[in-house]
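Engineer: Dumping the structure here so I can ask a few things about it.
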Amino acid sequence: MFLCCWLVLGALIPLTLSTDPGVKVKLTAKGLEYGRQLGMVSIQEKLKTIQVPDFSGNQRVTPIGKVKYSLTNLKIVDVGLPTSSVALVPGTGVRLSIGKAFIRLHGNWRVKFLRIIKNSGSFDLSVSDLTVGTSIAVESDETGRPAVNTVDCAATVGSANIKFHGGASWLYNLFRKFIDKAIRRALERQICPLVTNAISDLNPQLKTLNVLAKVDKHAEIEYSMVSSPAVTASSLELGLKGEFYNIGKKQEPPFSAAAFNLPPQADSMLYIGLSAFTANSAAFVYSAAGALSLYVTDDMVPPASPFRLNTNTFGVFIPQIAQRFLGLTMKLLVKTVKPPVVTFEPNNTMVKASGTVTAYAIHPNSTLSPLFVLNLVGDTSYVNHSAILPHLHSMDLTVGTSYVGEFQVTTAFEHVSECIQLAKGYPLPAIGKMQLVNTQLQVLKDYMLIGTDVQFNSIHGASRG
């Protein structure tokens, strides 16, 4: 479970031939520790399913002689994992260690001696100082999706203390040490296969990861791995393609991803690096889909603004509009003429866009009369801690076409710029049942870094031992 929680974050899916990722995801020691807490719940539940086999045998006991015995219906009543740790294994994956664990069982005993004497009762078994150590490799399966498997496992049982109740329980106590040893061996044989199965059970969940994630009706994004996970002593890093495509059409953009390296930060559980390539591939896709357009209407202008989208306001600096279309409301169609270009520099995100602004007068019967077309080139930027907000830095407007006669673009047209930057910010999304908390954004050279802790809303009562 703890590996699945984190691999889902990276959405590891099929390998591609690309050399540089558009998105990098780094899991730190802090994040791994949180994953351990979640994972111990799963392992503890698995250990409760141990099926201890019935025991039977013969033992010579002085002065009675040969005694036949059997222990049956062994049921686990409690499991404790007070101490555990997880560490990264460079080049492989992770190492899980469990110590000072205990298991308590209850069962029935039966005995026959002197050929005719039979007796029975119950017993309680306490297994303590149980240790388990296993190394887990993180790899890609034949489809390129993530896969985990057990590299090695060792388990030891420090002691097994059994107490008999009822009947001739005194007789069992005479050869208890022989039974203790047999039970320890049986448990040691079963623990590693159970741990291995618990780890293998993650793979069906990992196989459900999507190759492509639909964003909206225009676009989907591919999160395929471009290389195997890089595991060091302090982090596990995933390189993902992070490329947008038009729905059902894989057209590569006329640019490629550039190499970038995540900084050695470790205060957060998770770090996600989003490159300019990923942002620009989105711009390329939405531009190709004709989706980068926006109608701006008067109800989108803040009520307190003295500037209104109507012919009376525009008629002040373009008299022809007031003369021909007096008292009509207006709307603006803003659209790009080529894909915007996103660049990341330290503490600064720049989006350069070129497009047109077409102004229309709206008649009472809802028909539109074009008034003019302005050509625009603009730069926007701004980054906030929990949302990416557009902020207009500059916009150059020139007259492209006029349907009302000649006019000049004056400072009064700065109000048009105000209308164009009405878009709201985009909050960082939640991922499934995982919520991002304590999130910070940093804009660095060629990529944006998201440092965040996470919280799984569906997991409760995780062991913190």
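Backbone N, Cα and C define each Cβ position, glycine as well.
All TrEMBL annotations are machine predictions without curation.
Keep in mind that this is a model prediction, so the values were computed, not measured.
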Engineer: Among CYS5, CYS192, which cysteine does TrEMBL link to CYS153 through a disulfide?
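Structural biologist: That record, TrEMBL, gives the partner as CYS192.
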Engineer: Over the domain 'Lipid-binding serum glycoprotein C-terminal' (264-452), what does the predicted model average in pLDDT?
Structural biologist: 83
Engineer: For CYS192 (disulfide bond), which residues of its chain lie six or more apart in sequence with Cβ-Cβ distance below 8 Å?
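Structural biologist: Correct list: VAL132, THR134, CYS153, ALA154, ALA155.
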Engineer: How many other Cβ atoms are found within 10 Å of the Cβ atom of CYS153 (disulfide bond), counting all protein chains shown?
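Structural biologist: By my count, 18.
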